[in-house]
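As given in TrEMBL:
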type	residues	note
TRANSMEM	39-59	transmembrane segment
TRANSMEM	71-93	transmembrane segment
TRANSMEM	105-129	transmembrane segment
TRANSMEM	136-159	transmembrane segment
TRANSMEM	165-186	transmembrane segment
TRANSMEM	198-221	transmembrane segment
TRANSMEM	233-251	transmembrane segment
TRANSMEM	271-290	transmembrane segment
TRANSMEM	330-352	transmembrane segment
């Protein structure tokens, strides 16, 4: 499935490139060009974070393992909560887990949802979305995180984690979910402000990482030993830009060819056609949502971002990674990711209805 999806996107990348050469006869080359040109804004937000990933992983592991031991928690949940599955989350969680089932639970499910949101999706959004729209991003992220424990609990049961062990290790996530739920109901403005500061902190860390990587790459002076090689970092960012070159073209073709059924769905959820197309595209990567954020309506922005917490990447690179490291749990991974995405959308719809009444 992963190879099929990526092959389809590669096909549209080729179509966009040919149309660019032919002088925009199909009116698709603009989308191809926009995707490639996204590399600049991506680099600002992601090069630093990616560069610091080995160092941050080392530091966090050193401090969090003793805390886990004192609280009798499975230490695997900590890296899984902070690091994406394919950025070291799975490897670290597997090493720290007290059982194989907890290793799969933390390293595959939690890391692909919460860890990915913290270490990849948020920095991505900070880099691609205009600052004045970040408040809407945080609303969607909150909706996704609040509903996440339900999906993770179902996933833990499917992975045959003992119920007591599962509930106890989910307590930090459940507590976070309860706090966020109360916050979004009673103190929405303050909660959004806190998340804004979180976004600024991520951007600050990213710029520090960019400085460290830039100084070393240009002058050879190493300000920090444990950083990701520049070749790997640029490869990741470059691949994302190339992916966008094909994904943008694909989304435009989907909108043109499936306009009638997509219009019916957009009317059902009261969001525009671009929002529906963005959700479809996010099944491969959340990049599609945030790089098209200006084209989504306000409801669509919240709903798409909420879906991105759990449902994004389900058929993209993450699925390819899971199929290579733990093929036996691939079906569970797909089901839980989609479940979390759907639950997040449902909660977002409820929240938007509540917010509308609250404003009145």
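Each Cβ is built from the backbone N, Cα and C atoms, and glycine gets one as well.
Just so you know, TrEMBL annotations are computer predictions that nobody has curated.
Quick caveat, the model's predicted, so the values are computed rather than measured.
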Are there three or more C-beta pairs under 8 angstroms joining the transmembrane segment (330-352) and the transmembrane segment (39-59), sequence spacing 6 or more? no
For the transmembrane segment (136-159): best-contacting stretch of 71-93, 198-221, 233-251, 330-352, by Cβ pairs under 8 Å: 330-352
Report, as numbers and ranges, every residue of the chain located at least six residues beyond the transmembrane segment (271-290) whose Cβ falls under 8 Å of a Cβ in that stretch; write 'none' if there are none. 5-6, 9, 38, 121, 124-125, 128-129, 137, 240, 243-244, 247-248, 250-251, 254-255, 259, 262-263, 265, 296-297, 299-301, 303-305, 307-308, 311-317
Does the structure show the transmembrane segment (105-129) and the transmembrane segment (233-251) touching, where I'm treating 3 or more Cβ pairs under 8 angstroms (sequence separation 6 or more) as a contact? no
Within the same chain, where does the transmembrane segment (233-251) have neighbours whose Cβ lies under 8 angstroms from its own Cβ atoms, ignoring anything closer than 6 residues to its ends? I mean 6 or more beyond. 8-17, 28, 31-39, 42-43, 46-47, 50-51, 213, 277-278, 280-281, 284-285, 287-288, 291-292
Which sequence positions outside the transmembrane segment (165-186), separated from its termini by at least 6 residues, show Cβ-Cβ distances below 8 Å to it? 72-74, 77, 81, 102, 105, 110, 114, 139, 142-143, 145-149, 152-153, 156-157, 351, 354
